[in-house]
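Scroll down for the structure; my scribbles are underneath it.
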Amino acid sequence: MNPTGPHIERAVLVFAIWAVLGFLGLGVFLEGMKDDLWSLSSAGVLLIVVAFAAHIIVNGIFDTGFTQGEAALGIGAYGVLGLVFVVSAAGGVLTMADYYSGLTLFGVLAVGFLAYLFTRHGLRGAFSRFHIKPMDKREEGL
């Protein structure tokens, strides 16, 4: 695929959004974890949410959704970070502020993901993204 015109503009905008807001949010989140300050970690989560919302706005402007690479990166990062959080919590190395910070991050990201699916595809369409009936089990007219 040779991206041209609007595809390049969208890619540059998305990269700029995540380079500035995403990494700043990650840095603030990690600083809050280091200093055991839930409020600072929550500010980092807020910046990450703002980056996600800005990415959705860019997708709306260019009349597109997330690319397969963006979706794979997001889901993969969420899974790896979730695994690290669970292993850390099971190992007993998290303070209560770290624990609440992690729960805030994963809870807000999960709610944001579901809100995106429901607003983009509707309740039935969002469910259909994950559950596909075999051809012989489908209702007539669907």
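Glycine residues also receive a Cβ, built from the backbone N, Cα and C atoms like all the rest.
The model shown is predicted, which means the values in this text are computed figures rather than measured ones.
Per TrEMBL, transmembrane segment is recorded for 12-30 (among others). Beyond its flanks by at least six residues, the transmembrane segment (12-30) meets 40-41, 43-51, 54-55, 58, 70, 101, 105 of its own chain at Cβ-Cβ distances under 8 Å.
Per TrEMBL, the feature transmembrane segment maps to 42-62 (among others).
TrEMBL lists 71-93 (among others) with the feature transmembrane segment.
Residues or ranges marked as transmembrane segment in TrEMBL: 99-119 (among others). Residues of the same chain lying 6 or more positions beyond the ends of the transmembrane segment (99-119) and with a Cβ under 8 Å from any Cβ of it are 29, 32-33, 38, 41-42, 45, 48-49, 52, 56, 78, 81-82, 85, 88-89, 126, 129.
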